[in-house]
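All remarks here apply to the structure that follows.
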Amino acid sequence: MTGFTGVLSTGMSLVTIVYAASGFFGYVTYGTSVEGSITLNLPSSPLYTLVKVMLVVVIYVGFVIQEYVIIDMLWPVVKDNIVKLSICSSSKKCVVIGNYAFRSLLVTIAMIVALAVPRLETIIPLVGICSSMLLAFVIPATLDTVTFLPCLIHTKASKWRIARKVIANVLLITMGLFGLIAGLRTSILELINGA
């Protein structure tokens, strides 16, 4: 399953190569007028509509491998509930059907979101700024304070060491919140002005 020649490595390598090639050739074809999704540049003729439909099918079928980690984490909980609530005569059959249904549901949800927001280039910075500032600055500094400050106080560490930790974490949290607010403001203004 995993490893250099495993299904996951091979599948993701092929997906990466196809996406990179379509991005490269899309940029070579359309230049700086390329849209956020290459399909937005395609004309509305029947041939290109067929290409768009085929691309949706390929993404729908190939996207499951990209959700491998999510499914691997969530499936045991879902499987336990399927076995408990199962009304089938064979619980193994219900588990297999439930597994396919769960995977299809996750891919369908992602596809609906992608179809509902065709211009993802306006949403990606918004999500990126929120997650990056929180994950890089705010959450680690908060966890460090909550985890290690009581230990420092309990072991009667020097006041300078305690103050240094508090000041460093407060500065990191402040920088993270400043970046978060500034990035959110910029992204929201771009969303409003671009709409």
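Each Cβ is built from the backbone N, Cα and C atoms, and glycine gets one as well.
Noted in TrEMBL for the protein shown:
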- 4-188: domain 'Amino acid transporter transmembrane' (DOMAIN)
- 7-30: transmembrane segment (TRANSMEM)
- 50-75: transmembrane segment (TRANSMEM)
- 96-117: transmembrane segment (TRANSMEM)
- 123-154: transmembrane segment (TRANSMEM)
- 166-184: transmembrane segment (TRANSMEM)
Per Cβ pairs under 8 Å, the stretch of 7-30, 50-75, 123-154, 166-184 packing most closely against the transmembrane segment (96-117): 50-75
Residue numbers, six or more beyond the limits of the transmembrane segment (123-154), whose CB comes under 8 Å of its CB atoms: 117, 161-162, 165-166, 168-170, 172-173, 175-177, 179-180, 183-184, 186-188, 190-191
Chain residues in Cβ proximity to the transmembrane segment (50-75) (below 8 Å; excluding those fewer than six residues from its ends, i.e. six or more beyond): 7-8, 11-12, 15, 39, 42, 99, 102-103, 106-107, 110-111
Sequence-remote partners of the transmembrane segment (7-30) [C-beta within less than 8 Å, at least six residues beyond its ends]: 1, 38, 41, 62, 65-66, 68
